[in-house]
Amino acid sequence: MAVPEVNMKLLQELQAMGFPVNRATRALHYSGNSSLEDAINWVIDHETDPDIDEMPLIPVNIEVQASEPPSMTEQLKLKAQELRDRTQRRTGIGEKKSGRENERIKRSKELLEAKQIAEENVRKRFIASREEEKAEEKRAREKIRQKLQQDKLERRSKLQLPPDDLTFVYPAMPMIQKEKDPLPGAAKLPVKFSTKAELMSECLRSLRRKNKHDEAGVKKSFQTLLYYVRNVTKDPDEERFRRIRLSNPNFVDKVGRFKEGIDFLELCGFERIEGDKFLYLHRDKFEVETFRSAEAQLESAITSPFFGLISS
């Protein structure tokens, strides 16, 4: 296969008018290689062909016999300019569409990454809080154990018993203590929460444990959170249900004064906006399964008298 021979003068004039060499060669070859006007008309008729800018190939060399072309007229110049303008406009529209699509994809990726980072940060905070509570429980039990041991020694001293013969006074104590104190072995196990439902449950348990001396306040907080969750679930298109002012006195008294109350709403999808003035749930971030799970966790927290008071 070889490139067909075309009239070089016509080819040079087409290139001077702004046509690529492949398109100009193709136009001359398929228009008969006879005149500039025929070549330009061919380009206009075939400008949407997918292979218009591919170099034509022929099996054998073809001798080109063409008469001397007439000089380029003003009409041909206008046609060529119109064709170039049309091509540039089409290219510009394509580039704009491509740019908008790339920007949309970029924004979607950024939103997804931000959501994943926020959920991971909440999960890490709960794990750290849980580990801290376990450490506090361990220290408290150690203090109690030491106090009991000291009391034993004092009682044995009063009875004038040797300090090593502990089974004389409390023969079953070591076994009881061993059975009732599984914390040293259990405390070494890492705490992990794999689902959002588990994170929600642990958030509510943490709120209950840290405020066990304020049962009324905790219950009021759970009931208020359930009210917010049910409102959004019932009508997610209503913006006033998805927008909470953090400085609202009623909200602060019932939910905002508990850190875990804010964390629970963030687990549902609420985000801080306008410099932490509001908690806001974007409509496209509403997930019905998440809110149903949140409602179930809150109902369990409200109805169970031992919720959050027994360590898991």
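Cβ atoms are placed via backbone N, Cα and C, with glycine included.
Listed in TrEMBL for this protein:
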- 5-46: domain 'UBA' (DOMAIN)
- 81-107: region 'Disordered' (REGION)
- 130-151: region 'Disordered' (REGION)
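DSSP assignment over the region 'Disordered' (81-107) gives 27 helix, 0 strand, 0 coil. Shown for the domain 'UBA' (5-46): DSSP residue counts in helix, strand and coil, namely 29 helix, 0 strand, 13 coil. Each residue of the region 'Disordered' (130-151) gets a DSSP state, and the totals for helix, strand and coil are 22 helix, 0 strand, 0 coil.
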